[in-house]
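Take a look at the structure set out below.
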Amino acid sequence: MESVRCEIDFRPHLILLHEGLGGVLSPIVAQTVVSSGIPWPRFYFGSLVLSVINAAGLSLAFKPTARENAAEWRETSIEMSKRMSPPSSPSDDIGKQLHETAPAAAPRSNTLRIALSLFYLWALSIFAMLYCGSETVTQGFMVTYLLGTRRADPKSAGYVTSGFWGGITIGRFVWGYFMPCLSFTLRKFTILACLGPFLSISDAAGLLTINAVSASVVGVLYGPLFPGILRLATDILPSEVHMISMGIISAFSSAGVALFPFITGVISSIKGIHTMPYLTVPLGVVLATLWSMFPTRLPTRTSMD
């Protein structure tokens, strides 16, 4: 039986939580702008202001601290003193001996090669691509689907997207809070349990009247998926390739965000927006199938020997 020590720490999930909150507020603001008669292109002035604020926040967040500057200065001073010291000095001999006995760090190219040779990294990357593509198609074409198939009110249809992102926020909050208390096996089956109802609701989308409540339910089921992908990656991939693996998974996610909405747009332009569930439902089936093939027990080997 897999034992789990429950230590709840929600801080690592704050980024995804705030992403969900932004997704809730943005459609509300956009729908209010449209309903008040303000030309739609002016909404992008607000996006520009937010981008400037975001850039300023990133600059402050990654600004080196005084301790980091002092440590870098000490390292630079030590390196310069070694270069200026006589080659036959005792300190140079000691430094050479220490350098020879110190473990050598793995080259970056070697780490990348090892990461690219991992089967689970490719599987997780493909899963992330399919998930992000499905999520973007759902939230991006939801209003168009309502306007084209349900004759929704243009002045209020945009609020359904806020319901979807509100569900994602709730799902990620609950996942981030309870995830440390779940074992590796329970985390896998929890995600699989989210995919099952999601498929049922998506399949019934052509028959049911979609509103903010049903969109929120879909969002709640969507919420834990992306944090679950990242947690699974840190669990089953060697620790030495975690950073580069996260970059590869994120790159595949961005590819899914770009690819699947494009495919949906092309198909809907030819056949009509009513074809959207014909793409989201198969994506959900593939996601559920792929997730069920991931390991049920935590691998014993998590580092490169």
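Each residue, glycine too, has its Cβ placed from N, Cα and C.
Residues or ranges marked as region 'Disordered' in TrEMBL: 77-96. Residues annotated as transmembrane segment in TrEMBL: 43-62, 118-137, 157-178, 190-223, 243-263, 275-294.
Contact check: the transmembrane segment (243-263) against the transmembrane segment (43-62) gives fewer than three Cβ pairs closer than 8 Å, residues 6 or more apart, which falls short of the contact criterion. Residues 120, 123, 126-127, 130-131, 133-134, 137-138, 141, 145, 188, 191-192, 195-196, 198-199, 202-203, 205-206, 225, 232, 236, 260, 263-264, 267-268 of the same chain, all 6+ positions outside the transmembrane segment (275-294), place their C-beta atoms under 8 angstroms from a C-beta of that stretch.
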